[in-house]
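Notes for the one structure printed next.
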Amino acid sequence: MSFSLEVLGWSTSWADTFAPHAAGGLTPGRVARVDRGRCDVLTASGPVRAESARADVCTGDWVALSGHYVHAVLPRRTALVRAAASGVSSGQTLAANVDVVAVVVPATTGVDLGRAERLLALAWESGARPVVVLTKTDACPDVGGVLDALAGAAVGVDVLPVSAVAGEGLDALTAELTGTVVLVGQSGVGKSTLATALTGVDLAVQDVRGVDGKGRHTTVRRELIPLRGGRGVLIDTPGLRGVGLYDASDGLTLAFADVEALAGGCRFTDCGHASEPGCAVRAAIDAGQLPERRLESYRKLLRENEWAAARTDARLRAERRRSERVAHRQYRNQWNRPGHGRR
Ligand SMILES: Nc1nc2c(ncn2[C@@H]2O[C@H](COP(=O)(O)OP(=O)(O)OP(=O)(O)O)[C@@H](O)[C@H]2O)c(=O)[nH]1
Ligand SMILES: [Zn+2]
């Protein structure tokens, strides 16, 4: 099976970036999946199982292959990063070169706006374009009310209502999802169902155990799947489920651009929007132009982000201390070695 690189998002601008590697006889490809030092790379002449032990690659990266080796990773244009699992000091890149981050929110009365805002901050932070997909509209009696509520939380972001069950809204969504797309959202919001509707591939049954050419068991799972309509690809990696904020201060500023714009009109540049005189944010709340909830949500997410950043810093400091101790010990051992003349 071979792939057209354009279907995977290849463009003249990627070709320009790749030019020095092309001159060196290397092959371009896009990483479809990474596992333990190896990765599946889709190239124009088919998938290649490549060694990536020395390269920091993730699904969505464009790479230069030399045979079965990842020789280079092209600089990422966007990256979706989450707070790493414990034991790792930096953020973990979940998907690279993403164009659209679709925040999936189920249509229920009393929709969790804070959760949507949190995911939107993460989406903005990635450098990709955020959209909100409102799922399960068939099961909601008041979609209009939910859309109104979301409009105040998803500022500057298109909200697209769909029902995978009724097949409604999918054409409009497909038209909006171009380039490399990821779906983020809580478990159970309908991501898998939506992914299946958008790609025609039942992703739920992708996780089948297969046997490779040498009779060994392998999991065949592709995480880079062309979207119906031929205008994009979907990245579906298990790690995208349940993402936490990681150093998303820029993303927060963008997700709360309305509050930031108001704050620009406060008399004091360090206004806490509490009881300071000349506070434009409080004035907007009092005038009913900004929901109090939104300011509270912004504050909560800023605290969460600071906490994540502080935790990362603490971990980095601890790691540095550890490596200093190791270095000292090596230095001591060197001097204490028998025959070194100094005891
Ligand atoms: N009524 C209705 N139910 C839906 C729709 N889409 C998904 N569901 C149901 O919602 C439940 C969860 O859907 P999934 O697609 O598995 O959700 P998910 O976000 O992929 O969940 P995880 O795999 O746990 O992350 C399932 O029972 C689906 O049948 C829809 O458009 N309408
Ligand atoms: Zn203020």
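Heads up, the Cβ atoms here are built off N, Cα and C, so glycines get one too.
Here TrEMBL flags 96-241 as domain 'EngC GTPase'.
Under the DSSP three-state reduction, Thr137 (GTP binding site) is assigned to helix. Residues or ranges marked as GTP binding site by TrEMBL: Thr135, Lys136, Thr137, Asp138, Gly185, Gln186, Ser187, Gly188, Val189, Gly190, Lys191, Ser192, Thr193.
Cβ neighbour count for Cys266 (Zn(2+) binding site): 19 (other Cβ atoms within 10 Å of its Cβ, all protein chains included). Taken from TrEMBL, the feature Zn(2+) binding site applies to Cys266, Cys271, His273, Cys279.
Annotation comment: TrEMBL describes 318-343 as region 'Disordered'.
TrEMBL lists 318-327 with the feature compositional bias 'Basic and acidic residues'.
DSSP assigns Thr193 (GTP binding site) to a helix. Secondary structure at Cys279 (Zn(2+) binding site), as computed by DSSP, is coil. Within the model, the domain 'EngC GTPase' (96-241) carries an average pLDDT of 86.
Nearest Cα neighbour of Thr137 (GTP binding site) among the listed binding-site residues (Cys266, Cys271, His273, Cys279): His273.
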